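Record features, source Swiss-Prot:
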ACT_SITE  C169  active site, acyl-thioester intermediate
BINDING   R71, G72, G73, Q74, V75, T76, Y77, H78, S138, L139, G140, G151, L152, A153  substrate binding site
DOMAIN    32-207  domain 'BPL/LPL catalytic'
SITE      K135  site 'Lowers pKa of active site Cys'
Amino acid sequence: MYQDKILVRQLGLQPYEPISQAMHEFTDTRDESTLDEIWLVEHYPVFTQGQAGKAEHILMPGDIPVIQSDRGGQVTYHGPGQQVMYVLLNLKRRKLGVRELVTLLEQTVVNTLAELGIEAHPRADAPGVYVGEKKICSLGLRIRRGCSFHGLALNVNMDLSPFLRINPCGYAGMEMAKISQWKPEATTNNIAPRLLENILALLNNPDFEYITA
């Protein structure tokens, strides 16, 4: 019988492509008895272009590589100091719709930021989480065979300047924010556990096993 347990992998700082490939392989080979997983990772600097991404939103990538991704959404930037959380969930088994998962991920971030005294909100017209008009978290998902992969990217204490080389998520002039603007002591090391605790709470607190790479 299936046990509701989630494997949480802390992968540290990794290049984007091998992690993306591993995520695809996991999703393609999982079956009904495969446990869901959550991967916590930071990436070396990279622009990722979403499945429907338009080239004109990549303004001047310079020395940062641009990699095509099959997630939803337009172009975004990943770099050290940004906490990425990939959610590899069997949505059918969890009786979660795609829209419900997006809402759950946005609420995870809103709740995490509220604990830090930062008031944040989602926007109906542009997925993600915002503080005022500034975007602090990007979302992009893909569903295959009833299972989700990709996830969210929360700006913690990263260098935001590479976002100026793109129209983030397809919005010209979209300003970005990071947690350390309000909480200078914030690091991915102290934000990741809060993020994890909040998503597990919204998934009804399943058992979990924490695995470090």
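Positions of Cβ are set from backbone N, Cα and C atoms, glycine also.
Mapped onto this structure are the features recorded in Swiss-Prot.
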residue	record	DSSP class
R71	substrate binding site	coil
Y77	substrate binding site	strand
K135	site 'Lowers pKa of active site Cys'	strand
G140	substrate binding site	strand
L152	substrate binding site	strand
C169	active site, acyl-thioester intermediate	helix
Euclidean distance between Cα atoms of K135 (site 'Lowers pKa of active site Cys') and G73 (substrate binding site), Å: 14
Cα-Cα distance linking the residue listed as 'active site, acyl-thioester intermediate' and S138 (substrate binding site), given in Å to the nearest integer: 8
Distant-in-sequence Cβ neighbours of C169 (active site, acyl-thioester intermediate), under 8 Å, six or more positions away: G73, Q74, V75, T76, A126, P127, G128, K135, S138
Neighbour tally for G140 (substrate binding site), based on other Cβ positions within 10 Å of its Cβ: 23
Maximal Cα-Cα distance (Å) across residues annotated as binding substrate, namely R71, G72, G73, Q74, V75, T76, Y77, H78, S138, L139, G140, G151, L152, A153: 15
Around the Cβ of Y77 (substrate binding site), the count of other Cβ atoms that are within 10 Å: 26
Cβ neighbours of G73 (substrate binding site) where a neighbour is any other Cβ within 10 Å: 23
